[in-house]
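Each remark here refers to the structure printed beneath this line.
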Amino acid sequence: MSTALLRDLILENGHVNKNIATLLPKDGRHLLLLVTIDKADMDTDVKLVHDLKTTINNHPIKGVNIRVAGQPAILGNISGEVMTTMAIMLSLAVIMMIIILALVFHVRRRLLSLLFVLIGLVWSFGIMGWLNISLTLATMATLPILIGLGTDFGVQFQNRYEEEYRKHANVMTAIQQAVITMGPGIGSALVVMIFTFLTMFLSKAPLMQQFGLTLAIGVFAVYIVEFLLMFATLRLLDRNNHPIKQVHQNNFIGNLLGKYARFVIKHAKLIAVFGIIIGLAGFTVEHKVPIETDLMNMIPKNMPALKDTKYLQKQVGSTNYLTYLVEAPNVTKKPILIATDKLAHKIDSKYDNVVDYTTITSAYTQMFGSLANASQQQINQNISTLPSALREQMLSNNKQYAMIQFKINERLSSDEQNKLMKQINHDVKQATIGHDYQIVPAGPQVLMLVGLDNIASNRMLMMIAGIMAIIILLTLLYRRLSHALLPAFPIVIVLGISPLTLYLLGQSYNPLTLGLSALVLGIGTEFTILIIERYREEVMNGHTVQEAVVQSVQSVGQAITVSGLTVVGGFFAIIFVSFPVLSSFGLITVLDTAFSLIAALTLLPAIIVLTQGKIDNRLRQKGVMSKAKP
């Protein structure tokens, strides 16, 4: 084809023909090439971006700059970027945790718990492989929670072992006492955690369900590994039964926590009331914390794919489309073509954020004029002569499906797009009542919006189900409702404090952080159950309620403080990554862990003193506590 003929086909009065202006924006200074894919998943996007870049690099065109842009291009780059960034940050987090354990956990072989939790992670992902659970962003996001919980398991086992070994200087006695005292407590916490994590199956989003299942598998695996390897290793290392001296500075944290517990006991009413007030305030503003669903705000602003996409939008306008599928025995019937085009035109006129629309009828009209006066035979003939690329995109081969595309404002956030889509869905549903065809939303953009909407759904239901699981399981374990309610109190308060803090900081949730209420339910449950278990043990040993509370916070509190500070310090580094979605994830991980620790050491002792004093003393005197112990 000659240049002159090509110009005649493309140009009209010296300018690009309006029918193809979208493909040749800026009056022909750019050429838009559209790549149609048959799958809408991240793996396909990753492979597509790789193949396109390889092809472009292998076939350079002199004087032409080619950019790969659009949402699939962004998604194709995100996966690798997020995985790489998370791997780096997890490595830094582990280094930070090593430093913190070395500084604050004053026992021998203080790094064993962290070493064993890393082995436990290998077990976790190995089990996932056997169960054919894919490695995704959701499963990767469980790593900080599993590292935190696993490290805490190990710290608790090792701390109690060291306490018993200093008393008896006999490795078997120390292991036996540590297993008898800590095994049931942590085991109970484990069972409760698994059930609370599995409540995430109440979510409509498969991603959230996968998140909960991975946590349940992972926490079981790290518990088994910590339990077996910790005591097996200590048995070998202390097989000669050498006595160890008491080192006064080792008790610095314990002594400090003992003083803190006495302060809490003295001001128990004030602390409990304050906790209830800020918890209620948090639940009041929880719905005001925005949920960030705009992909563009979750990734680094300097990501090449994002820059190229913004450049594309600057040249051609919006690249965001809401797609709808028309289904009928034959969608090329004239009445259906006219009705669907009329509906699309009505929607385009009704909503300001709908920029344009495309139907098989609009494409037909551009090439052959109005079909109002055309016969069905003429329509069929003309449709068959449409360019194959256009026809295959707009119409299925069996003519049972056709596509309607709405081009929407590129400035709309994902949340605004979702609201617009729901409005259009309502209009479409009303318009098709009583007709022999139906129209349903479809396409990758719709899938993404529905997915984000599902992630945010049933959050309160999952939270309530998790709390109820804690209460029911602990009631069965303790056979006392009052003791089952004790751990739930600080957990509920923290579930309120977390959104309150985000609201005050101007932060928002995102798809990665919406599931972190599981962290509160998980690590908070363990912290509180361990204190309750030690409290019950001390009361049965003859201590008063206040003495038992102080001793519990002083001994168990030391171990959970070490593990809590380890997680907080380790994942503080993630806050400073370039990915906003990961930065927010790190911030909420740190906040929720810190709040869970503070609540366990503050609110739980206060509520024990206020509610359990007389009851526990009476039970201790009658010897009933020993029967109630799990």
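Yeah, the Cβs are placed from backbone N, Cα and C, and that goes for glycine too.
The feature domain 'SSD' is assigned by TrEMBL to 111-236, 484-610. Residues or ranges marked as transmembrane segment by TrEMBL: 82-104, 111-131, 137-157, 178-201, 213-237, 268-285, 460-478, 485-506, 512-532, 559-579, 585-610.
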Handout entry: Ranked first among 137-157, 178-201, 512-532 for CB pairs under 8 angstroms with the transmembrane segment (460-478)
Key = 178-201
Problem - Which of 137-157, 178-201, 213-237, 512-532, 585-610 contacts the transmembrane segment (268-285) most, counting Cβ pairs under 8 Å - result: 585-610
Practice task
Please spell out the DSSP helix, strand and coil residue counts for the domain 'SSD' (484-610).
Solution key: 111 helix, 1 strand, 15 coil
Fill in the blank from the handout: Secondary structure of the domain 'SSD' (111-236) by DSSP, residue by residue, totals 112 helix, 0 strand, 14 coil
Problem - Distal contacts, the transmembrane segment (82-104) - CB-CB under 8 A, six or more residues away - result: 110-111, 113-114, 118, 137, 140, 143-144, 147, 151, 253, 561-562, 565-567, 569-574, 577-579, 581-582, 586
Fill in the blank from the handout: Outside the transmembrane segment (213-237), at least 6 residues beyond either end, the same-chain residues with a Cβ under 8 Å of its Cβ set are 109, 112-113, 116-117, 119-121, 123-124, 127-128, 131, 133, 138-139, 142, 145-146, 149-150, 153-154, 157-158, 161, 171-172, 174-175, 178-179, 183, 186-187, 190, 193-194, 197-198, 200-201, 518, 522
Completion exercise
Long-range Cβ contacts under 8 Å made by the transmembrane segment (585-610), restricted to residues 6 or more beyond its ends, are 89, 141, 144-145, 148, 257, 260-261, 264-265, 267-269, 271-272, 275, 486-487, 489-491, 493-494, 497-498, 501-502, 507, 510, 512-513, 516, 519-520, 523-524, 527-528, 531-532, 535, 545-546, 549, 552-553, 557, 560-561, 564-565, 567-568, 571-577
Problem - Within-chain partners of the transmembrane segment (178-201) [C-beta distance under 8 Å, separation at least 6 from its ends] - result: 149, 153, 156-157, 160-161, 163-164, 208-209, 211-213, 215-216, 219-220, 223, 227, 231, 462, 465-466, 469-470, 473-474, 477, 515, 518, 521-522, 525-526, 529-530, 533-534, 537, 630
Handout entry: Chain residues in Cβ proximity to the transmembrane segment (111-131) (below 8 Å; excluding those fewer than six residues from its ends, i.e. six or more beyond)
Key = 94, 97-98, 101-102, 139, 143, 146-147, 150-155, 157-158, 214, 217-218, 221-226, 229-230, 233, 563, 566
Problem - Segment-level pLDDT (mean, integer) for the domain 'SSD' (111-236) - result: 87
